[in-house]
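Participant: Here it is: the structure, laid out below.
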Amino acid sequence: MAQHTVYFPDAFLTQMREAMPSTLSFDDFLAACQRPLRRSIRVNTLKISVADFLQLTAPYGWTLTPIPWCEEGFWIERDNEDALPLGSTAEHLSGLFYIQEASSMLPVAALFADGNAPQRVMDVAAAPGSKTTQISARMNNEGAILANEFSASRVKVLHANISRCGISNVALTHFDGRVFGAAVPEMFDAILLDAPCSGEGVVRKDPDALKNWSPESNQEIAATQRELIDSAFHALRPGGTLVYSTCTLNQEENEAVCLWLKETYPDAVEFLPLGDLFPGANKALTEEGFLHVFPQIYDCEGFFVARLRKTQAIPALPAPKYKVGNFPFSPVKDREAGQIRQAATGVGLNWDENLRLWQRDKELWLFPVGIEALIGKVRFSRLGIKLAETHNKGYRWQHEAVIALASPDNMNAFELTPQEAEEWYRGRDVYPQAAPVADDVLVTFQHQPIGLAKRIGSRLKNSYPRELVRDGKLFTGNA
């Protein structure tokens, strides 16, 4: 694999020499950092099983190497990466997999280790959505996830990825993560804090990642991380699990943050060792039971993961002084909900008791039941999935609902050819050789729902959202 030149400040190299255990070679560390990062993907098991995905993609000649800590994760090698970007493949467009760095799959593996099955989870720093979507798949779209993102510009990306993967059990918020301890104390069974960090572990992906690095900035970042983990710990219920992770390598932002929490709440913090998380995990194990992953150990990004249990309640923080404002939705009454469900079933949309119907003016939404306890405590950017808009002639079903709820075995499903599917993703109407009979057509490709179309004569009117329309070369190889 080709080398690339990474910029290393001298003070960083000194710090790494001190931080690296004697069992590891510093020369191996430098050599690993100069190698470009291996690409990796995670199969979205909400859409397809790993076995079916491997069968579907077998003709492509992809080399898929299993990632030891994630059953759905694979390192991927492709001969035609330049000819067709991974993100333009049909399987990516329909949400069958997520392009995710291998080591970033570790925190969610830790969160669900030892049979942990949380029902209400918070992802404190969620964008772009790799870990939120991984959590949802582990929960099988049940329970509820609060996915928070402080950066306004990244909330839109977070929602796009959640929608593409067919996820229905997520509520999005846009806050500084330090508010949650006071706003929603002891509300979560599990919390993932993948903390903002100095990014020392990402040099294989970004050779200039350390251009603005300094020991002083590490100290400032660590101070913020302590405030974030303190807030998250308050939001965790007694008995709950907190996973703290970063993509950096210094101890100040990693071990020291977790040790600070234990010193602050000595009777309430228990470190849960991760040495048995996967075969070979002990190679990265610290004396506290954390995983400090230097890039040469597993040939991946540098990463840090700690798992903690809250063994008892801690003193509450002062209640927040802000007002959340009125919640603009109201529950749909049972009789009307039955009518809506019947109409939705007619176009192939079905949901279970984990989701409940709510209404705002002419909009119909499905919210995860597990999030209702948070209504009035935080303001949501987006909640659940938008099912439909009502109009005089019935319902205008929404694309995100089709992707999350549609059954490809429904009688109104219509399978497109590769050329027709590509036209669909380009936002164009489709003219199939044999037009379907139904007026409302569930459009599928590779037996996966990709949208809902109106049949007008021999034409299928495209309803693919404009913001998702793709240009350039797609999976048939035509530009």
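Positions of Cβ are set from backbone N, Cα and C atoms, glycine also.
Look at Swiss-Prot and you will find A125, A126, A127, P128, G129, S130, K131, E149, D176, D194 tagged as S-adenosyl-L-methionine binding site, backed by similarity to another entry. Swiss-Prot lists C247 with the feature active site, nucleophile, giving similarity to another entry as the kind of evidence.
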Participant: What is the biggest Cα to Cα gap, in Å, among A125, A126, A127, P128, G129, S130, K131, E149, D176, D194, the residues listed as binding S-adenosyl-L-methionine?
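Facilitator: Max Cα-Cα spread across the S-adenosyl-L-methionine binders: 20 Å.
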Participant: If you skip the near sequence neighbours and keep only those at least six away, which residues in the chain come within under 8 angstroms of D176 (S-adenosyl-L-methionine binding site), Cβ to Cβ?
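Facilitator: Counting only residues 6 or more apart in sequence, the Cβ neighbours of D176 (S-adenosyl-L-methionine binding site) under 8 Å are F150.
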Participant: Between K131 (S-adenosyl-L-methionine binding site) and C247 (active site, nucleophile), what C-alpha distance do you get in Å?
Facilitator: 13
Participant: For A125 (S-adenosyl-L-methionine binding site), which residues in the same chain are close in space, meaning a Cβ under 8 Å from its Cβ, but six or more apart along the sequence?
Facilitator: N148, E149, F150, G177, L193, D194, A195, P196, L228
Participant: Measure the Cβ-based neighbour count of K131 (S-adenosyl-L-methionine binding site), defined as the other Cβ atoms within 10 Å of its Cβ.
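Facilitator: Cβ-Cβ neighbours of K131 (S-adenosyl-L-methionine binding site) within 10 Å number 26.
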Participant: Quick one: Cα separation, G129 (S-adenosyl-L-methionine binding site) versus C247 (active site, nucleophile), in Å?
Facilitator: 15
Participant: How many Å lie between the Cα of C247 (active site, nucleophile) and the Cα of A127 (S-adenosyl-L-methionine binding site)?
Facilitator: 14
Participant: May I ask which residues of the same chain, at least 6 positions away in sequence, place their Cβ under 8 angstroms from the Cβ of A127 (S-adenosyl-L-methionine binding site)?
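Facilitator: Those within reach of A127 (S-adenosyl-L-methionine binding site), by Cβ under 8 Å and sequence separation of 6 or more, are E149, S151, R154, V155, V157, L158.
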Participant: What's the number of neighbouring CB atoms sitting within 10 A of the CB on G129 (S-adenosyl-L-methionine binding site)?
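Facilitator: Excluding its own Cβ, the number within 10 Å is 27.
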Participant: Enter the number of other CB atoms within 10 angstroms of the CB of C247 (active site, nucleophile).
Facilitator: 23
